[in-house]
Amino acid sequence: MLLIRPLLGISFRTVVEVLESFLLKKKDIDLTKLKDSPESKAKEYLLDKIGREKYDLWFSQLDMSFEKDKLQVLVPNSFMEGMLRRNYLALLEEAGSSVSGSEVGISFVVNKQAQKNSERRIKPANASKPLKYPKARPVVVEDLPAGTGRYNLDDFIVGRKNKMAHRAAKACVSSGSELYNPLFFFGSYGLGKTHLLKAIVNETMRNNPSLKCKYISAEDFTNQFVNSTLRKDMNSFRKRFRGVDVLAIDDVHFLASKKGTQEEFLNTFNSIDHADKKIILASDSHPTMIEQFTESLVSRFVSGMVIKMEMPEFETRKKIVEIKASRMGLSISQDVVEYVAQNVSASVRELEGAVKKLSAQHLLLEKKITLSSAQYLISDMVSRVSSAPDAEGIIDTTASFFSVSSSQLRSKAKAKTVSLARSVAMHLLRENTDLSFPEIGGCFGGKNHSTVIQACRKVKKLIDANATVDWKHRGVKRSEKIGSVIKQVSDSLNIQQ
């Protein structure tokens, strides 16, 4: 068995990416041979969610068993237990809940037989004698309440763009003010919404152990609702959710178009709110921009505090790189820090992933991270980001070109220069991002999607006609071909025309 020392803060997926040529050996799974047991159904759920390669690496040789409201997972050693806990705990909770129809906790047991199973999966390359894991005594790890984990507010790295979200989360933990109920975070993936939701739950439980707190995804809420409906056991479902002091629902946009679940959730929301309990929500879009939400649900969502989560600015991204590297025991020069922060700007999650790649290279191959090696290791991330400019960057750059402010573009101002700049920015967002018309409208202070469609059509007609547009630049009239305007703004954004 190949001996791998634990790597603090580095997922095993990253380790595999560095060593996959001699660590990972794929093995086909014959689904027809899976037994129709709760454990097998849980494994099928995992396979469906993460794919065969990751499933083979992590779960194919692990034994599981259901005991009351727990899913017990047998692992070969504390290293495997730690990796599963850090990277797959939430997924295991989802798998258990999807099978049982109710929320389950996860417990890990370090087991010698599991160690033997694991040893059959990974063979050392070019080794005359097989290496073995250090012997470990069987240890039962305490059950973790679903939704809790390593998240806390002190670990959330604060900058100018996420300061409001962090302060609201802290206030939610310490205050009973109606101002924060509900507290609704929205924004793209990997910006810290889940971190804040779980941190609020964790710190509330830590400060007030007697309180009942629950974190759950909207998808899991839906699955439990459907299962309870089929079993005609809605009383226990309602007791489970309406009896809590703090309810945190992640990815609430998943409820869109699910009218039955929306109605039940609205009743749950009202029950908790009327009892002066707290509700925290997260979504990828502003509640008014989520299509197929009932008006009553939207009105409840916007009745408290709605906060947008944005990608941190450059200085905060540098701080994130430095702190993440320090926690992993990785020493990197300032030019490497700045390169990573400048070129990986899609999400905080990808930024952390870039640092993990560098750390894996350093720890596994014992090589110092230079600027050139960093450029090579994260080149796939850089190319992906450079081809996908972010919405804020497009708006800011367009506003700067026309010598107006970004806030003017997001306002209702109808001055000729502002309207032209807004239309150009909407056109560029439509052409260079995956945002829908409603989502683009949300970037401009909640403009209606029909307004965005009209603006994009207007710019396209101007381009097709090779028309000249004019505007005032710091009080001086300017005139240029619309194509030239689009090109200049695009060049500033490094967008290939």
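Cβ coordinates come from backbone N, Cα and C, glycine included.
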Quick test of your reading of TrEMBL: among 89-116, 145-172, 285-312, 341-368, where does it put coiled coil?
341-368
Go ahead and report the DSSP secondary structure tallies for the domain 'Chromosomal replication initiator DnaA C-terminal' (390-459): helix first, then strand, then coil.
51 helix, 0 strand, 19 coil
Specify all same-chain residues, apart from the site residues G190, G192, K193, T194, whose Cβ lies within 8 angstroms of the center of the Cβ atoms of the ATP site, ordered by sequence.
G187, Y189, L191, H195, L196, A282, M309, V348, R349
Let me check the 10 A CB neighbour count of K193 (ATP binding site). How many other CB atoms are there?
24
Under a three-state DSSP reduction, the secondary structure at G192 (ATP binding site) is coil
Between 0 and 100, where does the mean pLDDT of the coiled coil (341-368) sit?
82
Between G190, G192, which of the binding-site residues has its C-beta surrounded by the fewest other C-beta atoms within 10 Å?
G190
When secondary structure is assigned with DSSP, how many helix, strand and coil residues does the domain 'AAA+ ATPase' (179-327) contain?
83 helix, 24 strand, 42 coil
Would you mind checking how many other C-beta atoms are within 10 angstroms of the C-beta on T194 (ATP binding site)?
20
